[in-house]
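Engineer: I am attaching a structure below and will ask some questions about it afterwards.
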Amino acid sequence: MITHPPEQCESRILPSDDATAVDFCSLLGQTTIYPTHSPPIVGRGGTWSRMASGVTNENQGQYTGDGSVDIHGNPVLKNSTGNWRACPFILGNECCERLAYYGIATNLVTYLKNKLHEGNASAARNVTTWQGTCYIMPLLGAILADAYWGRYWTIAVFSTIYFVGMATLTLSASVPAFKPSPCVESVCPEASAIQYAIFFIGLYLIALGTGGIKPCVSSFGADQFDDTDPRERMKKGSFFNWFYFSINIGALISSSFLVWVQDNCGWGLGFGIPTLFMGLAIISFFFGTPLYRFQKPGGSPLIRMCQVVVASFRKWKVDVPHDSCLLYEVPEKASAIKGSRKLEHTDEIKFFDKAATVTDLDTKTESFSNPWRLCTVTQVEELKILVRMFPVWATTIVFSAVYAQISTMFVEQGMVMDTSIGSFTIPPASLSTFDVISVIVWVPIYDRILVPVARRFTGKERGFSELQRMGIGLFISILAMAAAAVVEIRRLDIAKAEGLVSEKVAIPLSIFWQTPQYFLVGAAEVFTFIGSLEFFYDQSPDAMRSLCAALSLLTTALGNYLSSFIMTVVTSVTTRGGRTGWIPDNLNEGHLDYYFWLLTGLSVLNLLIYVACANRYKSKRAS
């Protein structure tokens, strides 16, 4: 027997052939008793979760409350697993992996041009195609992690693929037979089909590997903190800060030291060092295995979403009951979705509630085990959460388009500025180091100063909510674009004063005037990118966290596509009628400042839309 106290008795029970349940909810002070073999209870997700097992665990406080287990599938003790004791291995893995990735990505176009003898357009196209693949592949890794393998084994498998790709790429740059002969004067022999094949197999194995682990590492790190423990939940926000800090430490080493090694000591060594660090990343990850907390995979999230949509349309003529207690849910403590807690019903997007509405036909045909016809409240709420998150997700695409300027128009602007310090010439692209430094500086300031101060005023355990944090970052990105426009106005004024408008030459304005815009973008990253990591982890359903992390990464790719689209439209419109346009080959004749002001305006509009979406957003409610 399963016994429910009066306060839990809120819903009717569906009858079955072998048992008839009597509704005593109207009898106050009575206890309702149901046979254990009766059909699932219809009621709010999680309303009866505490009573479902009928057994009280005396040692409940010693174990995590979020359903996490050890590598063998057993419940884990709080005082010996997870928390910060497990995080150094995960952060070390991320730092080494990012060092390896940026060790390839930062200077890849140079290798394609100088060693594989590709032209400018071909090299640029290959780099952008590869980078786009790196940010699309997380969808594959996320689905495998959430549905089948879990985050730990997904990271393990794709890290191995990653390492094989790195080793293949190193061999292609080291073995003479695997690379074309050097240029003789102006004659550069093309790479053979086999040489191309070895290089691109290695390169796309890296894309597959990095894409597979990207959506899992941050989520796996956050899994080490128990959502049901307020003290651990507060530490989780700090984890995301230091996670992003680790990324930028790896990026800083790659963009400085490794680029120098590749240009001065050879590509074999330049690719070999990142390969070594990828090996260290794998070792660091496996060393922490006894300390990790694991979340069980919950089946394919895509299939579950399709089931809700199909079930809703199959019942599109069915009226949703006014009392949400009458919607279908299982009686057990855990939801019907493996590894997921129950979610409380919400009143938005009520059309999907049809999927959880029990009809007479469902009762007669015993459709309780057919999710294509009848879904639980928790399953319906999963889809609702993704729909509610979509507007917030969409606004981060514009921010990613602003961030994309670091590697595009900021560099183009720097090329027509004074890049010399005495006899030393600064590569314009190297100023992106200031963005990395800004992140490294801002993370501890935010974590150790801003959060405690903000906590006193807001009362929030993390100082700011995720949505507030992201909004602050969007505002800072507006300042970054405005700063870039002001620098460009100053540069064009000097060009006119010096009579250099018609000449395609650098203007005597130090490239270090770009430093503020790089620092502002770095500060915006700390607020918006890290805030979005927190948001998509905390607000996503338990069994969809890798998928939501992949969606947050997808905004980077979409931001780049949006930036390219804006550039195409601007070029097309401003060059009509034979005009020079805003962004001609000779920037001294153009108006790059107008382009930056356009992005500033779009960012302002995006912020206004974001504020409206954030104010309407209702947070996830777990039972």
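Cβ atoms here come from the backbone N, Cα and C positions, even for glycine.
So TrEMBL says this about it:
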- 152-173: transmembrane segment (TRANSMEM)
- 193-213: transmembrane segment (TRANSMEM)
- 239-261: transmembrane segment (TRANSMEM)
- 267-287: transmembrane segment (TRANSMEM)
- 385-406: transmembrane segment (TRANSMEM)
- 426-446: transmembrane segment (TRANSMEM)
- 467-487: transmembrane segment (TRANSMEM)
- 518-537: transmembrane segment (TRANSMEM)
- 549-574: transmembrane segment (TRANSMEM)
- 594-613: transmembrane segment (TRANSMEM)
Engineer: Are there residues at least 6 beyond the ends of the transmembrane segment (426-446) whose Cβ is under 8 Å from a Cβ of it, and what are they?
Structural biologist: 241-242, 244-245, 248-249, 251-252, 255-256, 406-407, 410-411, 414-415, 417, 419-420, 511, 514-515, 518-523, 525-527, 530
Engineer: To the transmembrane segment (518-537), which of 239-261, 385-406, 549-574, 594-613 is linked by the most Cβ pairs under 8 Å?
Structural biologist: 385-406
Engineer: At an 8 Å Cβ cut-off, counting only pairs 6 or more apart in sequence, do the transmembrane segment (594-613) and the transmembrane segment (267-287) clear the bar of 3 or more pairs?
Structural biologist: no
Engineer: Give the nonlocal contacts of the transmembrane segment (549-574) in its own chain as ranges (CB under 8 Å, at least six residues past its ends).
Structural biologist: 128, 131-132, 135-136, 138-139, 141-142, 214-216, 218-219, 393, 396-405, 408, 532-533, 535-537, 540, 581-583, 595, 598-599, 602
Engineer: Would you kindly list the residues that approach the transmembrane segment (385-406) from elsewhere in its chain, counting only those six or more residues past its ends and only Cβ-Cβ distances under 8 Å?
Structural biologist: 305, 343, 348-349, 432, 435, 467, 470, 473-474, 477, 480-481, 484, 518, 521, 524-525, 528, 532, 535-536, 539-541, 544, 548, 551-552, 555-556, 558-560, 562-563, 566, 599, 602-603, 606, 609-610, 613-614, 616-618, 620
